[in-house]
Amino acid sequence: MDTKEGSPHVWPTSVEHQSNTAQVHFVPDGGSVAQIVYSDDQDRAQQQVVYTADASSFTSVDASEHTLVYIHPVDGSQTLFTDQPQVAYVQQDATTQQVTVLLPAAQSMNAANLAVLSGVSESAQTMSLDPVSQINRASLTVHDHRLPPMEGADSSTTINSLPSPNAHSDGKEDDDDDDDDDDDEEEEDDDGEDSDLDDWEAEPPRPFDPNDLWCEECNNAHPSVCPKHGALHPIPNRPVLTRARASLPLVLYIDRFLGGVYSKRRIPKRTQFGPLEGPLVKKTELKDSYIHLKVALNSPVDSEGAFQEDLWFELSEESLCNWMMFVRPAQNHLEQNLVAYQYGQHIYFTTIKNIEPKQELKVWYAASYAEFVNEKIHDITQEERKVLREQEKNWPCYECNRRFMSSEQLQQHLNSHDEKLDFISRTKPRGRTRTRRKFGPGRRPGRPPKFLRFDISSENREKIDLGTQDLLQFHNKGPHFEDCGHSTLNGLEQSELTLGTSTQGTPNQQQATQLLPPNEISTPVATTSILTAEDMRRAKRIRNAALQHLFIRKSFRPFKCLQCGKAFREKEKLDQHLRFHGRDGNYPLTCDICNKGFISTSSLENHMKFHLDQKTYSCIFCPESFDRLDLLKDHVVVHIIDGCFSCPTCKKRFTDFIQVKKHVRSFHSEKIYQCTECDKAFCRPDKLRLHMLRHSDRKDFLCSTCGKQFKRKDKLREHMQRMHNPEREAKKADRTGRAKAFKPRLASTDYESFMFKCRVCMMGFRRRGMLVNHLSKRHPEMKIDEVPELTLPIIKPNRDYYCQYCEKVYKSASKRKAHILKNHPGAELPPSIRKLRPAGPGEPDPMLSTHTQLTGTIATPPVCCPHCSKQYSSKTKMVQHIRKKHPEFSLLPISVQAPVLGTAPAVLTADGTSGETVVTTDLLTQAMTELSQTLTTEYRTPQGDFQRIQYIPVSQTTGGMQQPQHIQLQVVQVAQAQSPNQSQHSTVDMGQLHESQGYMQHAIQVQHIQVAEPTSGTQSTPQVGGQALSPSSQEAEEVNPSQLQTPASQAQANSAVQHAYLPSGWNSFRGYPSEIQMMALPQGQYVIAEAAVGTPVTPVSSGQVKAVTQTHYVISEGQGVLDMKKSSSLAEEATPNPDHMEQPASNSSQTTQYIITTTTNMNGSSEVHISKP
């Protein structure tokens, strides 16, 4: 096909489009890589483009800018491109550049077509490429895809070809000139809106320089931040305390601003600290700002005989010393509370006085050690001695302003003041007189008053009233005594010091006195001492002194700082605090904001951090704010209305500002603390911490009454008040004797639709546990054995729990959790299935995150609690229930008893011609049918397991005469038959009874059960009132299988047979009635072969004959007529054992066959037909 040169473009190429040029070169390396090379002025790196296996597209390798090259075959129906070899156009956005190459219908894509693609622009244009010389002409398969529509292309436009690629190499210089023109136009159109990344150019590799920052993406180093990839994301190291600060004892702390070591609590006298740690240097290397401590060496001469210089502790480096380097030296004896001395090779500090909390530790040399280091100890001046003496006397007397060293000394001194107030004469009237007296309030009859009443003169009455009013007015910092009538002042009752306690008495006392006879009225005898106003004032001073002594240490702070509002109890503390504000100007550095003084630059810098984020105290009632809390407290008084504060939002009233502030903060503040686990938010961080306990698994608070655990202490307190309230317990005890009248809430039709039913109340339940709870609450006298539904097995799902970090699989979530904690520490645990929330619309299934898979269901017998009616699927859960609900029985051995029905099985009869019908219960049929369908392989009977077969021959009478007969209950070991005449199948279980099976006979155990059976052939159908056929207490005999083939002299005929097939592992379900056992048979016919061996007839009584037979039944599915040859061949395979032969050889064996057919009626019940073939 010839190429038309000089054909115009399909789309006109504008100037602005010509600037964005690119060249696509094919790299002849196996025909798999193409390369797009941009012009130099575009400042773009080269991109390698790799096409896919079908050669239909190319994908860029570069991650920052993707380039996709699509190669499409042209539809053959479009004659537009028949004369053009190729058409290429570009579509470009911010991150993707798409180059589409169009091929004629008859042309295939090969390496020659990818040689050069030049002039590709944003607008589509045509390009003509002639085949290049045979360079990698390996043909690429191009699928016949339909050509995608191209914007701007008109179907009527004629596409002419461009110059051939052969001429491209010859005219390369012309192309370079065109590229230069395009670059010039691009620079003119540039409006300066390009980002820095567009102007970024790759730098040449730099040599190693420790000051350069390495960028792995650029594979180069930069002087600072990488201009293309930006700054790194640093994670700083965790700060570590120095050795000196980390070794500080817990009872001490270092002041951040002043330095020095202070006590957190009271440290008693004679407490030792140490030893001191630090480097040893010469004296000339010591610094003056620290105490100088010298170490006494064991020998002044070293091993070489040279004289050793004295060594001192250098205490200036925190990384080499311990906390004792921060203890500052004392300037005088008043400040000193530690002594330094050497003991052995170490230096210790010992307290010489009691150190109070927040008191600085200051040390000086001991007397002998000071002489060793050539220092003097601090002498005690008279002023210091006086101050020390006053400090030791912490018990002042406010009557005479004396101070004492102990409370005992103060009490003895107060007794001397009491002697001056000896104006009361005490009496001893106990048992001295027989006159009846009426005493004051608070004294019961028979007890004398503590003090006598006094007559107070009228001139002193007014003075006493004034003194009483002064007594009631105490300091505002002290407590308020409202009930002054019952107070005691230094042995004096207040009621006896007021006017109301005079001889006049109260109105009640006057009335009682008037009712007494005149000879029984006692009049108090006044002494010569009279309570004067001076005595009252003295008593007031004693009372005030005692009360002020009790509360002054905690509440009374008379010395207040005018700058910050902080108050102190002693003036010395205030003076020490004022020095922090720089009042004296002794500090070299002062804060410009608060004028607080500091001794070091680091202390001032730490202080300035508080001003950067200084707190402001805002009023909750108005927009005003304060920088100090005491100013806010003084301000909020203006918002008091009628003695109460009102909430500005809900208008709730409070008597205290603290209460209204807590109310506003809790209910009307912005909730900025968001819970990360749920959507709740809180206004305070402490409330969020309390809420986070809801999402944790820890329950640290245990109720001592019921054993319930809680995550929070307030929830435990609320539980105790609500559940264990004495009133509630009394009401609960009163309710136990009264039972509510039960009214059925369901109709009879709804009742029949439930799986679990209470037949007494005619009530249905959806789950087993609901029925168990109902029976234990409403019918505690009813036994579980009486409810057939509760004896059915429990069907629970079986899951596999996968470890998401390895290939381990576990059967329980707890074992998987233990595995992850042990082998994958720190890994996230999968969520619990019980705590999953249902997925919302559009959300993924939450079960996918649990890494579990349902593998089937497991039917397990229920495990009953021996102390209540609860049932569980495993013994472990039952034991947990006993420990929680029956702790008094938790230490006793637990015996698990599975429920067994005691109902006698129904007896099946046969008349010889027609089968007898047994109709099963609808509920039990449904339950056992579902059970048989959901059995897993774990509960299938293994080969060689023992099975259980029950049968009852029906007694038949002839002429009114009955003869008893011993029928055998045999436990037969069942295995697959190996006979070539029988088909081999797996062992049959309850879910596989519909399959054809063959059985072999093995060693059996024979147990004898006596029932009555007629001897005559008359066919009548009276049932034997028997009991459940279960292994009796008699000793079983071992019978060899060969005995079953021994000929017998008697044959049993016309007897109905009942059989049951249950795995021996289900011991708890033996003893089911026949309708439960028979209903598990699917629809079909089953043959029972009966082999009877006769025994000598033993006379039992008149008219009765006792015969012992050995009968064996083999269950097999078959036709209506049993093949006698197969039965005889089975009998010939066994060899008789003479040791076990109990019958003569002349007895002939006879086999009787029974056919069991199960059908289903229209009403859903099952019927069992037993007949002879």
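Any Cβ shown, glycine's included, is placed from N, Cα and C.
Residue ranges 214-236, 559-581, 904-926, 1042-1064 are listed, and Swiss-Prot annotates 559-581 among them as zinc finger. When Swiss-Prot is compared with the stretches 52-74, 328-350, 535-557, 673-695, the one noted as zinc finger is 673-695. Taking Swiss-Prot as the reference, the stretch among 14-36, 129-151, 589-611 described by the feature zinc finger is residues 589-611. Long-range contacts of the zinc finger (617-639) within the same chain: residues 564-565, 645-646, 648, 657, 660-661, 664, each at least 6 residues beyond the stretch ends and with a Cβ under 8 Å from a Cβ of the stretch. Per DSSP, the secondary structure of the zinc finger (673-695) breaks down as 11 helix, 4 strand, 8 coil.
Within its own chain, the zinc finger (701-724) has Cβ neighbours under 8 Å at 690, 693-694, 884, 887, counting only residues six or more beyond its boundaries.
When pLDDT is averaged over the zinc finger (673-695), the result is 86. Helix, strand and coil content of the zinc finger (617-639), in residues and according to DSSP, is 11 helix, 4 strand, 8 coil.
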